[in-house]
Amino acid sequence: MATSANSSKSGNWKRNELWFLVIYAIVFYVIIINRSLQLSSDYYKHLSGLRPGWLLSNHLNDVSDAQWRNFRGNIPVLAVVFGIFTLLAYLMKAFFDLRVRGMSIVWLLFSLAYLSYLHGACIVFILSIATGNFLLVKIFAQKEYFPLIVWSYNILFLLCNRIYEGYSFSIFGKQWTFLDNYRGSFRWHICFNFVVLRMISFGFDYYWTNRDSHFDQEKHYQRCHICKSGKSCYQVLQERNLHKDKFGYITYLCYLVYAPLYIAGPILSFNAFASQLDLPQNTISVRNVTLNGFRWIFCFILMELMTHLFYYNAFANSDLWKRLSPMDVFIIGYGVLNFMWLKFLLIWRFFRFWSLINGIEAPENMPKCINNCHNLEGFWKNWHASFNKWLVRYLYIPLGGSKKKLLNVWVIFTFVAIWHDLEWKLLSWAWLTCLFFIPELAFKSARKAFQVQSSFGVCIFRELSAVAGAVTITCLMVANLVGFVVGPGGINWLLSSFLHEDGLPVLGGMLATFYIGTKIMFHIDEAKQRLP
């Protein structure tokens, strides 16, 4: 009876707490939105990258982000191209009853046509480097030092491509200089970062074909509702070894340049890709794929509304934010991170949608909202999630996994920074993130060591977890602002602004708000656990 009474009191207290948290969140967002509108209205004349709007006629549209501007402007062309490719692929498959090799050839031809438009004569560089990787894999796959060869080869070209800006044909002789006039509409060495990940995936999936897998298939089948229904989920497709005859040159090239995922991903392993060429994905129904399309349209309209009303990115690209109050800097920083999340969600889901239509399932890159992550590990599992899966499979586990976690994060995030670009601000972002990982890992170890039993102990631990979440979210904001907005030179400015007399109350308010936000996330997680 006493236990039942305590449970009832706890439930009532949590309900009352949730009411308070929700009211606070509503007030917080009302303040943020109102001040954002005011900032945009006051400073729009001093911002660059604003264009006449279409959604709201009396508002300008913030298209200052080059990546978003290019993608947004090319959506109609990309939709037509992928629509034609999809129709032709389905017709050829239906008429000729094509299987793995047949569909590989079809998609390779379509994809090479697509790459010829994007990169022009530079397609030669892509095919040459890819062929070299294929030969290395086939020659050295049985050697113990194979991982060193594959990683060295791919990192070498990852660096050289950037240093030499995709190379000039003139370095091969004056007679080839004219080809520099036919370099296409898109820089090939930018897209090639994704090709590098696929080349490494092909190499290691081939290397592991005759080796014991660490994947516990029986345990997975007991937990996975997709596999219980008789289908194969993405993880099974990725972890299940293929026969060596699946690792042919045509299938390999098709995997590297598969048109729907070529420009931006999501990233999927070679095993998963080759498996779905034979048996197209059936885990996501036609209805759900269609719903994904409508959700994307809704998110696009939301993005347009956001860029018409709030000029966060234009502020970040200017020096104006340095003249603003700490509160305004926080609002712009918070807005920029939400803009980045929505931008990447739209880009990745667009290409994933076309891949799903063509029967190839790739992992969802943004399975969770940026405002629903309260620890570093959870955040990186849900931001560019397909890259996270790739890093775990091909880097984290081979390096020793959780046994060497603290060391591994430094290697992994350094690689992630170099993979993105050769910039000091990205390395600063990577190493700051690694530093912030240390207290989180220490806290998680302490939580495992001390198992609380009493309701008072559970309550105290919950509060400490919320405080830790607030600190983590603040650290994430700082790391991402340094990496993608202010650069390493802006660290001192950020610290001086928020540790100054005017900035301390704002910093305290930030921590309190993130503490409350973390508590809301706890309630969301508990509600999900109660679902059947």
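Each residue, glycine too, has its Cβ placed from N, Cα and C.
Sequence-distant neighbours of the transmembrane segment (18-37) (same chain, 6+ residues past either end, Cβ-Cβ under 8 Å): 309-310, 312, 327-328, 331, 334-335, 513, 516-517, 519-520, 523. Residues or ranges marked as transmembrane segment in TrEMBL: 18-37 (among others).
Here the transmembrane segment (75-92) has long-range neighbours at 98, 103, 106-107, 110, 114, 259-260, 350, 354, 357-358, meaning same-chain residues at least 6 beyond its ends whose C-beta is under 8 angstroms from one of its own. Annotation source TrEMBL lists transmembrane segment at 75-92 (among others).
Annotation source TrEMBL lists transmembrane segment at 104-130 (among others). If one looks beyond the transmembrane segment (104-130) by at least 6 residues along the same chain, the residues whose Cβ comes under 8 Å of a Cβ in the stretch are 81, 85, 88-89, 92-93, 98, 157, 166-167, 169, 179, 182-189, 191-192, 195, 199, 248, 250-254, 256-259, 262-263, 277.
According to TrEMBL, the transmembrane segment annotation covers 145-164 (among others).
Long-range Cβ contacts of the transmembrane segment (185-208) within its own chain (Cβ-Cβ under 8 Å, at least 6 residues beyond either end) map to 117-120, 122-123, 125-126, 129-130, 133-134, 136-138, 141, 146-147, 150-151, 154, 157-158, 161-162, 165-166, 241-242, 244, 247, 252, 255-257, 261-265, 267, 269-271, 387, 390, 393-394, 419-420. The transmembrane segment annotation in TrEMBL covers 185-208 (among others).
Outside the transmembrane segment (249-273), and at least 6 residues removed from its termini, the chain residues within Cβ reach (under 8 Å) are 81-82, 85, 100-101, 104-105, 107-108, 110-112, 114-115, 118, 126-127, 130, 134, 186, 191, 194-195, 197-199, 201-202, 205-206, 234, 237-242, 347-348, 351-352, 354-355, 358, 360-365, 385-387, 389-390, 393. Per TrEMBL, transmembrane segment is recorded for 249-273 (among others).
Residues or ranges marked as transmembrane segment in TrEMBL: 294-311 (among others).
Marked as transmembrane segment by TrEMBL: 331-351 (among others). Same-chain neighbours of the transmembrane segment (331-351): 32, 35-36, 39, 65, 67-68, 71, 75, 78, 260-261, 263-266, 292, 295-296, 299-300, 302-303, 306-307, 310, 312-313, 315-316, 321, 324, 364-366, 369-371, 383-384, 477, 480-481, 484-485, counting only residues six or more beyond its ends whose CB sits under 8 Å from a CB of the stretch.
Listed by sequence, the residues of this chain that lie at least six past the ends of the transmembrane segment (405-420) yet keep a Cβ under 8 A from its Cβ atoms are 155, 158-159, 193, 196-197, 387, 391, 395-396, 399, 426-427, 429-431, 433-434, 437-438, 441. Annotation source TrEMBL lists transmembrane segment at 405-420 (among others).
With a threshold of 8 Å between CB atoms, the same-chain residues lying at least 6 positions outside the transmembrane segment (426-443) that come near it are 375-377, 405-406, 409-410, 413-414, 416-418, 420, 468, 471-472, 475-476, 478-480, 482-484, 487-488, 491. Annotated transmembrane segment per TrEMBL: 426-443 (among others), in sequence order.
Long-range contacts of the transmembrane segment (464-486) within the same chain: residues 316, 333-334, 336-337, 340, 373-376, 379, 425-426, 428-430, 432-433, 436, 439-440, 443, 447, 493-494, 510-512, 514-515, 517-519, 521-522, each at least 6 residues beyond the stretch ends and with a Cβ under 8 Å from a Cβ of the stretch. For 464-486 (among others), the entry in TrEMBL reads transmembrane segment.
Per TrEMBL, transmembrane segment is recorded for 506-524 (among others).
Packing against the transmembrane segment (294-311) from elsewhere in the chain are residues 36-37, 39-40, 43-44, 47, 50, 53-56, 59-64, 335, 338-339, 342-343, 345-346, 349-350, 353: each is 6 or more residues past its ends and has a CB under 8 Å from a CB in it. Counting same-chain residues at least six beyond the ends of the transmembrane segment (506-524), those with a Cβ under 8 angstroms from any Cβ of the stretch are 14, 17-18, 21-22, 24-25, 28, 325-327, 330, 371-374, 462, 465-467, 469-471, 473-474, 498-499.
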